[in-house]
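Going by TrEMBL, these are the annotated features:
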- 53-446: domain 'Amino acid transporter transmembrane' (DOMAIN)
- 89-111: transmembrane segment (TRANSMEM)
- 148-170: transmembrane segment (TRANSMEM)
- 182-200: transmembrane segment (TRANSMEM)
- 207-226: transmembrane segment (TRANSMEM)
- 241-264: transmembrane segment (TRANSMEM)
- 276-300: transmembrane segment (TRANSMEM)
- 322-346: transmembrane segment (TRANSMEM)
- 358-382: transmembrane segment (TRANSMEM)
- 388-409: transmembrane segment (TRANSMEM)
- 430-455: transmembrane segment (TRANSMEM)
Amino acid sequence: MVPGEHAEDAIVADAGNGKDGEVLRAMGIGGDDDAERQQQGDGGFGLKSFLWHGGSVWDAWFSCASNQVAQVLLTLPYSFAQLGMVSGVLLQIFYGLMGSWTAYLISVLYVEYRARKEKEGVSFKNHVIQWFEVLDGLLGPYWKAAGLAFNCTFLLFGSVIQLIACASNIYYINDRLDKRTWTYIFGACCATTVFIPSFHNYRVWSFLGLGMTTYTAWYITIAAAVHGKVDGVTHSGPDKLVLYFTGATNILYTFGGHAVTVEIMHAMWKPRKFKYIYLLATLYVFTLTLPSAAAMYWAFGDELLTHSNAFSLLPRNGWRDAAVILMLIHQFITFGFACTPLYFVWEKVVGMHETRSVCLRALVRLPIVVPIWFLAIIFPFFGPINSAVGALLVSFTVYVIPALAHILTYRSASARLNAAEKPPSFLPSWSGMFVVNAFVVAWVLVVGFGLGGWASVTNFVKQIDTFGLFAKCYQCPPKTHPGAPLPAPPHH
C-alpha cells in the first residue's frame, strides 16, 4: 500500500487548513473522500449520480440490510424446525445483537487504522481498504494472513451459496431443467458482476434488493398464515442435538454477513458514521426473518425438516412465482456483494487494482468466478451448506477475529489513550468492552465452532452420503407430470 498520486496535494491542503484540517483528515472524515465525492458528482442531481454513485449513511444502511439476508431467509424456517420456536426466536435476537457488536468493532478498527495511516501521509485515492489490510496495519502479518484466509474463503463459499440458491429457487418455477443445469446458467449470469467497479456503484441495487427481500419475507409470512396448519402438524423441535446445533449455526451464519463491512465503510463519504448502521440494519432484518420463519414453522412444523427451502411447501401461484423471481434477482445482487471483495484482493495480487478501465478490470476479475461456479456444482446442498460455512468460517471471520483484534489493538494504556474511537456511551469502559469481547470469543469458539462445527459437518457429510457429490438435482422429487413437484425425501 503506497501513497496515491494525490497524497501530496491533500497534505498541502490540510496544512493550509491548519491543525483542524489535519485532525479531520487523520480521523478519516475529510480529505480524499470529499474530493472523490465532488469528482464523481455525488453532491449533484444527475441521474448517473443518483443511481450509480453512493456513499451516504442511507447507502450503507441499504447495503448492510440487503446483504445481510438473502437466500438464508428461505432456510430459516428449516432452522426453526431444528431448534423449536422458542430457541429459534431467542437465537435470532442473540446472534443479531452479537453480530451488530462485532460489526461495530470492525468499524472502530477501520477508523483506527485509517487514522494512523493518514497521519503518516498515506492516501487511499483509488485504493479500497480491506479487512486484512486493517489487521496487517494494526497487528502485523500473521493477523493479515489469518484475516485474508478466513475472509476470502468465507466470501468464496458465500458466493457459492448464492449460486446454489438460484438453482434451487428457479426449479420451483421451471422444473424442465435440473438444478445442476440451472447452476451452469446462473453461473454465467452472475459472472456479469465483474463489471460493477465497487460498493459505491451498488446504490440502486441495494435499494431494489432490500425491497425484493421485504416482499419475499412478507409473502412467506402471509402465505403460511393463509394456508394454515397442515393436517396432523407436529412441532417436535428441538429433538436431536445434531439438528439443534445445525440450526443454531445457520442463524449464526445469518447475522454474520459483515465480512464486507470494511468495503462498505470505505465506500462512505464519512466512514465514522457507520458505527451503528449495522445494528439499525439488523433491527429491520428482524422484521423480515422472525415473522416469516415463525409463520412457516407454525403452519408446517416438522415437514420443514425435509424441505430446507421454504418455497417448496408453499402452493404455486403468481405471488409465489413473483417472490421466486425477486429472490433470484436479489441473489444476483448478493453474489456481487460477496464477490466484490474477492475481486479487489485479486486485482491487488495481479497489480491491477488502481486501473481505471472497467473492461480491463472485468477481464482480470473473471478467473474468480470459475472456482465459485465449480464448487456450487460439487456441493449443491442448499440449507446444510449454510450451517457448515457458518461454523467453520463465519465463526472466525466475523466473530472471533474482530473481538480478539480489538482486545489486542487496545491492550496498552497508550493505545487506549490515543484511540481514534473511544468506548461507546452505552459501555463507556475499556474493561467492559474487554469482558464483552472475551465472552464473544468464548461463546463462538465453544458453541459456534465446536458444537456447531460438529453438528453441521455431520449433517453435511450425511447429505454427501445420501445424494453424492455433483448431485444432479438435490432434493428433487420424482415427477409425476410436468410442473408438479412432490415433497422431497427425508434427509435430516
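Cβ atoms here come from the backbone N, Cα and C positions, even for glycine.
Of the Cβ pairs linking the transmembrane segment (388-409) with the transmembrane segment (89-111) and spaced 6 or more residues apart, 3 or more are under 8 Å, so the two regions touch. Between the transmembrane segment (148-170) and the transmembrane segment (89-111) there are fewer than 3 Cβ pairs closer than 8 Å, counting only residues 6 or more apart in sequence, so the two stretches are not in contact. The transmembrane segment (182-200) makes no contact with the transmembrane segment (89-111): fewer than 3 of their CB pairs lie within 8 A, with pairs spaced 6 or more apart in sequence.
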